[in-house]
Ligand code: SF4
């Protein structure tokens with residue numbers, strides 16, 4: 001009897017999004033420009049490998065701003081910070097580089113605007129997630145967290161005619177829509193955000209996984225356990241037909257037993273995962289007979305964000321100084 005054809009369906013898009021790329025490059029450029037150490041508040045992006053690589057280059061990750069020595073440089077992570085964190089950094093005379101993803105900043109602005117109009121803001125998100133803490137900090141008196149559909153009965157508002165929902169950028173689209181449906185049952189006048197809060201990268205990676213999940217026995221998602229969008233990809237895969245699904249940081253975390261009876265493996269990665277880690281998993285799978293790889297492309301991405309303003313200004317000044325020195329040397 002011939003063996004069934006073993007193959008890998010590789011999801012696209014996968015891996016780095018524009019916000020993660022910008023945040024990681026911001027720390028790298030800051031290290032080049034100012035020299036080590038550069039402090040980073042929280043993990044710059046939720047990926048173990050990225051954090052370890054930057055640590056080796058001289059980044060120091062801290063939990064709170066008050067752990068940064070006075071006058072030092074600190075980068076705020078892609079997940080964003082509350083205004084109180086900016087205030088504390090100013091009090092400590094820190095030089096700050098804000099690597100908050102512009103798509104998170106957009107949600108902050110929405111929160112500020114609806115709070116100014118005295119709306120009750122129902123922020124759908126995961127309790128304790130850094131992004132949610134940062135967004136809620138923009139208008140604590142107006143925002144309450146709704147942590148999924150089962151949390152809806154706990155919501156109380158002052159005026160059911162002035163209620164809006166916003167969300168964390170990295171949630172499951174389907175689960176969020178279910179939360180909104182239940183909220184709207186309770187508050188029919190509930191307003192939608194002006195545009196999607198769940199970002200393009202989260203949505204695209206989920207759509208790609210939905211496309212291949214029904215065709216695979218096992219979905220491997222490369223990503224860290226604290227990465228919300230990566231964890232969601234495993235859930236989405238299983239909900240949409242993958243028989244099994246696991247999250248791994250590295251290829252050597254894959255358990256060979258997961259491959260028992262598996263013909264088709266799905267593979268993707270979260271928005272904070274460098275492609276080299278996916279390549280390692282492909283090699284690992286090829287060594288076990290899964291050498292045939294079909295990439296399934298469900299969308300093209302071309303979005304790029306410019307570096308944080310403070311950093312661009314300093315890079316430009318450094319370049320100008322270098323050019324002036326070069327001109328002096330010639331005269
Ligand atoms: S996942 Fe979305 S919101 Fe988060 S950094 Fe990437 S683009 Fe920005």
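Cβ coordinates are placed from backbone N, Cα and C, and glycine is handled just like the others.
Note: TrEMBL annotation is automatic and uncurated.
The shown structure was predicted, so the numbers you read here are calculated from the model rather than taken from an experiment.
Sequence annotations record features per position, and here TrEMBL assigns [4Fe-4S] cluster binding site to 17, 101, 199. Look at TrEMBL and you will find 46, 79, 129, 169, 227, 228, 229, 272 tagged as (2E)-4-hydroxy-3-methylbut-2-enyl diphosphate binding site. The dimethylallyl diphosphate binding site feature in TrEMBL is assigned to 46, 79, 129, 227, 228, 229, 272. According to TrEMBL, the isopentenyl diphosphate binding site annotation covers 46, 79, 129, 227, 228, 229, 272. According to TrEMBL, the active site, proton donor annotation covers 131.
Locations of recorded TrEMBL features on the structure.
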{"residue": "17", "record": "[4Fe-4S] cluster binding site", "Cβ within 10 Å": "30"}
{"residue": "46", "record": "(2E)-4-hydroxy-3-methylbut-2-enyl diphosphate binding site", "Cβ within 10 Å": "29"}
{"residue": "79", "record": "(2E)-4-hydroxy-3-methylbut-2-enyl diphosphate binding site", "Cβ within 10 Å": "28"}
{"residue": "101", "record": "[4Fe-4S] cluster binding site", "Cβ within 10 Å": "26"}
{"residue": "129", "record": "(2E)-4-hydroxy-3-methylbut-2-enyl diphosphate binding site", "Cβ within 10 Å": "19"}
{"residue": "131", "record": "active site, proton donor", "Cβ within 10 Å": "26"}
{"residue": "169", "record": "(2E)-4-hydroxy-3-methylbut-2-enyl diphosphate binding site", "Cβ within 10 Å": "28"}
{"residue": "228", "record": "(2E)-4-hydroxy-3-methylbut-2-enyl diphosphate binding site", "Cβ within 10 Å": "24"}
{"residue": "229", "record": "(2E)-4-hydroxy-3-methylbut-2-enyl diphosphate binding site", "Cβ within 10 Å": "27"}
{"residue": "272", "record": "(2E)-4-hydroxy-3-methylbut-2-enyl diphosphate binding site", "Cβ within 10 Å": "32"}
Cα-to-Cα gap, residue 79 ((2E)-4-hydroxy-3-methylbut-2-enyl diphosphate binding site) vs the residue listed as 'active site, proton donor', nearest whole Å: 5
Set of same-chain residues at least 6 away whose C-beta sits under 8 angstroms from residue 199 ([4Fe-4S] cluster binding site): 17, 19, 101, 103, 169, 170
Distance [Cα-Cα, Å, rounded] between residue 227 ((2E)-4-hydroxy-3-methylbut-2-enyl diphosphate binding site) and the residue listed as 'active site, proton donor': 11
In sequence order, those recorded positions of 46, 79, 129, 131, 228 whose CB lies under 6 Å from ligand 1: none
Neighbour tally for residue 227 ((2E)-4-hydroxy-3-methylbut-2-enyl diphosphate binding site), based on other Cβ positions within 10 Å of its Cβ: 26
Longest CA-CA distance among 46, 79, 129, 227, 228, 229, 272, per record bound to isopentenyl diphosphate, angstrom: 15
Distance from residue 131 (active site, proton donor) back to residue 46 ((2E)-4-hydroxy-3-methylbut-2-enyl diphosphate binding site), taken between C-alpha atoms, in Å: 11
Euclidean distance between Cα atoms of residue 131 (active site, proton donor) and residue 228 ((2E)-4-hydroxy-3-methylbut-2-enyl diphosphate binding site), Å: 10
Output field, isopentenyl diphosphate shell: CB within 8 Å of site CB centroid, site 46, 79, 129, 227, 228, 229, 272 dropped: 45, 131, 170, 226, 230, 270, 271
Length of the line joining the Cα atoms of residue 131 (active site, proton donor) and residue 272 ((2E)-4-hydroxy-3-methylbut-2-enyl diphosphate binding site), in Å: 14
Env. residues of [4Fe-4S] cluster site, Cβ within 8 Å of mean position of 17, 101, 199 Cβ: 18, 19, 20, 78, 103, 104, 169, 170, 200, 201, 202, 271
